[in-house]
Every structure is written in C-alpha cells, then in structure tokens.
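See below for the structure under consideration.
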Amino acid sequence: LTCLSNIFIVGVRIRGSHFGILYCFTKLIRIKFCKISTAMYYLAFICATIVLSWSSTIMGDRSVTGYLEEKDLNRLREVFADAISSNDLQAIYYSTLNIKIDDENYSAELCSSLKALHEASKLNGYEKDFYYIGSSKNLVCKNKLPEALLGSVYAVFNTELSSSQEIYYRVLTHKLLGVQINELTTTKIAKTLQGLLKKDDSITSLGYAFNVAGELGTAASFVADRVEDAVVQADEVDGKMLQFEGGLSITALVVNGIFRVTDIFKKPTPLNPVQAVKFASYFLNRRSVQSAKGAHVLIEALKTLSGAGNSAPICIQLIGNGQLQADDPVLNVVVVDLLGKPVTPSPKTVYGKIILKKDNAVLAEKVQLISKSSDKTVYNAQLSTYKPSRGVYFAEINVDNTFTQKLQFKVLGRVKVHSLEVGVTDSDSSSTVKKQSIIYPQTLKGTLKADGTQKLLLKSVLIDESTTKVITVQQAFVRLSNVQSNEEIIFVAEQDSNKAYKFDMDVGLHGADFRYKSGIYELHLIIGDASVSNSFQWHVANVELKFAHEPDTSKKQPIRSTLPEIEHMFRPPEKRPPRFVSDVFTGLCLTPLVLLLIFWSKLGINFSNFTFAPSTIGFHLGFGGILALFGVFWLYLNMFQTLRLLIPIAIFTFICGNRLLRHLHAQRVGKSSVSLSSAAST
C-alpha cells in the first residue's frame with residue numbers, strides 16, 4: 001500500500017491530475033520489487049478506469065486555436081532568406097535546406113565561401129563538419145570537399161565518441177556523404193551510446209539519442225525504452241503548454257525524436273492527445289522565431305505532431321472577425337491541421353452547439369456545419385432559422401465526436417429610432433413643454449431658440465429592428481457644435497426607467513461650458529455599440545442659443561517669431577563703505593600691534609628668563625604656527641580645512657605651554673626659597 005501511495009504521488013506530479021493514476025497503474029505492473037496482491041491489483045485497475053472516464057471528456061478537446069498560417073510561412077521564408085547572406089555556417093545550412101537559390105552565380109559564390117566559414121566557425125568540430133557538408137550538398141556545389149576533412153570524417157569511428165550529440169552529428173554526416181556504416185561499427189556505436197546515456201541522461205542527451213537510434217537499427221532499440229523517461233521531464237506552462245528545458249530547439253529535438261524512434265521500433269504512440277495539444281500550443285506560440293535553425297525545427301515539429309495519428313491535434317478556428325450580420329448570420333469555421341492543410345482523413349461530421357453568453361441559454365443544440373465544395377477546410381452553418389438576437393454567443397464545435405473547440409462570436413443587430421422628440425421649455429418648468437417629433441434621418445425644419453432662462457430637451461426611444469424591442473446601447477451622446485467656429489461640446493444621454501434616452505440641458509447653467517458664446521448650434525444624436533452594425537450620427541436640429549454673458553472676443557495673436565532672450569537677474573551687491581573708511585578701520589585695528597612694537601623698541605625686551613628648553617621653543621613655535629595658520633585661513637582656507645590643521649597644532653602648543661609654565665613656576669619658587677634662607681642666616 002505504501003508503494004502504491006508513493007507511486008501515486010509521483011504519478012500525479014509527473015503527469016498531472018488526470019493521468020497520474022493511470023501512470024501509477026502501468027508502473028505497478030512493471031515494477032518487480034512490489035508484491036501486488038489481487039485486491040491491490042483491482043484497486044489500481046479501478047483507479048485507471050476512473051481516470052479513463054475523466055480523460056474521455058478531456059481528450060475530446062484535442063484542438064488548438066491557431067495554426068501556421070500563410071503569413072507565418074512567408075515570414076519564416078524571409079528568415080531563411082536573410083540567413084543565407086550571413087556568415088553563420090549553421091544558418092546557411094538550415095536556409096539552403098528550406099529554400100532554393102535560383103541564381104547560379106550567387107550559389108557558386110556561396111559554395112566558394114563555405115570552406116572559409118568552416119574554418120572560422122566556433123562550433124564543435126563535429127557540428128561544423130556536418131553543416132559544411134550539408135550546405136555543400138544543399139547547394140549542389142561543384143567544388144570538391146577537402147581531402148583532409150573527408151579523411152577525418154571517415155576515421156572518426158575509430159576514436160572514442162564523447163556524447164550522444166557527437167554520435168548524432170557523426171552518423172548523419174556519413175549519411176550526407178552516402179557512406180554506409182557497417183554492422184560491426186553500428187553495434188559498437190550503439191554500445192557507446194548506451195554507455196553514454198548511463199552517464200548522462202539529460203533531456204538533451206536523450207533527444208539526440210532518439211534521433212540517431214533509427215539510423216543505427218535494431219542495435220539501438222534500447223533507446224525506445226527511454227521515451228517515457230524523457231516525456232516526464234516536460235515542464236508545464238500556465239496549464240496550457242508543455243516544453244523541455246532548453247527552449248524551442250531542445251523541445252523540437254525531443255518531440256521529433258520520440259515519434260521517430262517509436263515509429264521505427266513499433267512502440268506505442270509516445271504522447272497522449274492532451275500532451276500533444278500542449279506541445280502544439282507551445283510550438284505555435286513560438287511562431288515569431290527569428291533564427292534559421294529555430295524556424296526549421298518549428299516547422300518540422302509541427303509536421304511531426306500533425307502526423308501523430310490518433311494523438312494528432314487539429315485547429316478549429318473562426319473565419320473573419322467573428323461578427324455575424326443579423327439578416328444573414330452564417331457561421332464560418334475552418335478545420336485544418338497544424339500547418340493549415342486539410343485534415344486527413346476528412347471529418348465526417350461537424351456539429352456546433354450555440355449558447356448565448358449572457359445567460360447560457362441554448363439557442364441550438366446541434367447545428368450541422370457543411371463543408372464548402374470549393375474549399376474542404378471551410379465549414380459553415382446558416383443560423384437564420386434559429387433567429388439569433390443581438391448579442392455574444394459561444395459555439396461549441398464538435399468534429400467527429402473527437403475534437404472540440406469553444407469559439408466566441410457576435411450577432412450584430414440593427415438599431416432603429418422608434419421615436420425622437422426635441423423641444424424647449426422654461427427652466428422653472430411652469431410652462432408646458434413644446435415638443436416636436438422628428439423622423440430619422442430627417443432634420444427639423446426651422447431653428448429652435450433657447451436663452452439662459454430655458455432648457456433644451458431631447459427624448460428618443462431605440463429598438464431592435466428585427467425584434468422591435470427597446471434596446472440599450474453602449475454609447476448614446478448628444479453633440480452641440482457651433483456653426484461658425486466648429487467648436488463642439490458633447491453630453492451623455494441617460495436612460496430613464498422606460499429605457500428612453502433623455503437629454504436635459506439648462507442653458508443658463510451650462511453657459512460656461514459654451515464659453516458664453518451665443519449663436520446657432522447643430523444638435524446631433526450619436527448612437528454606437530459593438531454589437532450594432534448600423535451605428536449612426538444624426539443631425540437632429542439647429543438650435544440658437546443665447547447666453548446672458550458674451551464672451552471675450554479678443555484673441556491672442558499667435559507668436560510666430562523668436563521669443564525674447566531670458567536673462568537671469570542676480571541680486572545686486574550690497575553697498576560697501578568708501579575706500580577711505582575701510583583704510584581708517586584697518587589702521588585702527590593695527591594700532592595696538594604698532595604701539596606694542598613701539599613700546600618694545602623703547603623699553604627693550606627682557607630675554608634673561610628665556611631658556612632653550614624644548615617646551616619653551618615648542619610653545620613659541622606652536623603659537624607662531626597658530627598665527628600663521630590664521631593668516632593662511634584669511635587668504636586661502638575655509639573653516640573646516642583650518643580646523644583640521646588647527647587641532648594638532650593647538651594640542652602641541654597646549655602641552656608645550658603647560659610644561660613652560662610649570663618650569664617658570666618652579667624657577668620662581670626656587671628663587672623665593674633661596675632669598676628667605678639668606679635672610680634668615682643674616
């Protein structure tokens with residue numbers, strides 16, 4: 001039971017909720033280390049049966065919403081055409097494989113450049129050998145291949161091959177040259193491949209092994225047993241696509257390979273229908289590929305999936321924009337394979353179930369779509385007998401009870417003006433409303449007049465032309481445009497409780513919207529809807545509006561010359577005192593210093609107590625340095641630069657000054673003690 005539960009968890013994670021249990025059932029039969037009792041066997045069988053019943057509904061949806069259209073093929077041809085003129089040997093090979101060069105001179109020129117491109121290529125040796133020989137064969141070059149190249153290619157199987165990728169390219173290179181590999185060598189290569197897969201079973205390695213196994217014959221039949229191991233490595237994207245790690249090239253390599261190897265060795269189809277649809281969706285999502293190799297593998301993968309037998313998905317798609325006219329609602333559907341070709345064998349029955357999107361009401365349970373005689377891919381159904389009303393519908397298309405697709409389309413209705421009334425009344429509504437009826441598409445004769453004390457009224461009822469029922473549209477506007485200036489203003493017409501569209505404008509209150517510009521205005525009714533085929537704009541009447549305030553008619557003349565240059569105005573400098581005042585102030589500041597020097601010169605300087613102790617010299621040097629630093633600060637430095645220099649000088653000066661003062665104090669104390677002792681002795 002533990003074994004069953006573990007395999008169930010693995011199965012669900014690998015295959016998804018619908019195929020997990022079925023995967024478990026097959027695994028339980030194959031494993032040898034689990035002893036399966038009869039009860040457990042029946043339990044697994046019941047689980048598989050349930051899954052099959054679930055998957056029968058899922059497997060019915062075996063169609064995709066797109067295919068490789070002609071415009072896509074034309075764009076891919078342009079990719080091939082551009083790649084031919086490149087210097088990429090790989091791109092040239094895939095381009096010449098898909099398009100033919102009619103210009104013999106250009107073909108010969110390209111042939112002569114292959115050798116140089118081969119030597120300059122940075123690809124692996126076995127890859128560029130393959131592309132060189134393949135391009136030469138595609139172009140039908142008359143130039144002989146270099147003997148050294150051929151010799152190395154022929155002798156390659158006498159050496160050890162390093163990967164399944166190298167085996168793939170080497171074997172296909174021999175095939176391009178028309179060289180038959182003998183049975184002994186084939187067996188040797190198959191054994192080498194088997195050993196390499198034991199060391200490296202990555203998805204890339206398996207992909208190349210699948211593609212080369214068919215060339216090696218029965219000796220490589222073991223590769224077909226690895227298909228399931230490769231499929232379970234697929235990554236699911238948004239629940240809609242499957243891909244392998246490595247992108248388009250690797251995914252196409254593996255998908256092409258698993259179908260090729262299972263077909264050659266008569267194994268079951270490697271992909272179930274749901275997986276085939278998800279892989280097809282991934283490839284179709286990569287239709288915008290820009291490289292020659294990507295374009296080639298994309299086309300090949302879609303060809304492979306189109307020929308996948310019972311697992312092959314098809315495309316069911318609406319033709320046109322999905323809008324049907326109410327008077328002739330013909331539903332046209334295209335049924336093709338992934339390449340846009342007719343499905344083989346041709347579908348026997350194509351039916352559709354028509355459902356109204358708004359309330360899921362079924363309009364028609366089983367509508368038969370008939371193939372056109374001129375185009376076997378197009379199927380149509382006339383829906384007029386079901387009298388579809390205006391709205392959005394779903395068509396659940398069923399092809400041969402196997403392929404289904406849910407398509408959305410619209411049935412466009414025709415709107416009709418049942419009635420329209422327009423009039424002018426006083427704003428206080430004390431007087432009766434004088435309304436005039438107008439028939440579409442006529443314009444009211446004469447001109448309505450309204451001033452700032454009155455209101456302009458409009459009321460219209462819209463109906464569906466086919467059902468004569470009152471309808472609601474997405475857009476209902478009233479536009480008033482000035483006849484002289486062509487200025488316009490648009491109002492929204494609102495629906496009342498009776499679904500009639502009403503427009504009520506108080507002229508006095510809306511004067512600012514018109515810039516108080518009196519005059520004659522054209523009154524238009526604009527009706528639009530995405531599900532209406534005859535949206536219209538109707539000139540209903542002319543209205544003369546008169547506002548209490550007249551607008552300023554003066555118009556600014558447009559400037560058509562160079563604007564004057566903008567000059568930046570700096571703040572004017574502050575007034576400074578006269579030069580004489582500045583000089584007098586400077587002199588007064590220097591007066592104490594001058595007096596000090598004069599007094600020193602008169603009195604003299606006492607150097608008797610000056611010592612040449614380090615503290616004395618250091619203090620005076622530090623003090624002088626501080627004075628010099630302030631002078632430099634005044635001329636060059638800023639405050640922060642000065643502080644960085646002042647701090648070490650000040651500390652040095654402080655220490656030296658402290659020691660100097662202690663020394664002077666000690667001298668003074670010593671002198672006083674000596675004088676006291678001498679006085680005592682006397």
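Placed from the backbone N, Cα and C atoms, the Cβ positions cover glycine too.
Nobody curates TrEMBL annotations by hand; they come from automatic prediction.
Predicted, not measured: the structure shown is a model, and the values here were computed from it.
The transmembrane segment annotation in TrEMBL covers 38-55 (among others).
Under the heading domain 'Ribophorin II N-terminal', TrEMBL lists 68-306.
Confidence annotation: the domain 'Ribophorin II second' (314-411) carries a mean pLDDT of 92 in the model. Look at TrEMBL and you will find 314-411 tagged as domain 'Ribophorin II second'.
Here TrEMBL flags 419-545 as domain 'Ribophorin II third'.
The feature domain 'Ribophorin II C-terminal' is assigned by TrEMBL to 570-668.
Feature annotation from TrEMBL assigns transmembrane segment to 584-605 (among others).
Positions annotated as transmembrane segment by TrEMBL: 617-637 (among others).
Within the chain carrying the transmembrane segment (643-661), a Cβ under 8 angstroms from the stretch's Cβ atoms is held by residues 613-616, 618-619, 622-623, 625-626, 629, 637, all 6 or more beyond its ends. The feature transmembrane segment is assigned by TrEMBL to 643-661 (among others).
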Number of helical, extended and coil residues in the domain 'Ribophorin II C-terminal' (570-668), per DSSP: 77 helix, 0 strand, 22 coil
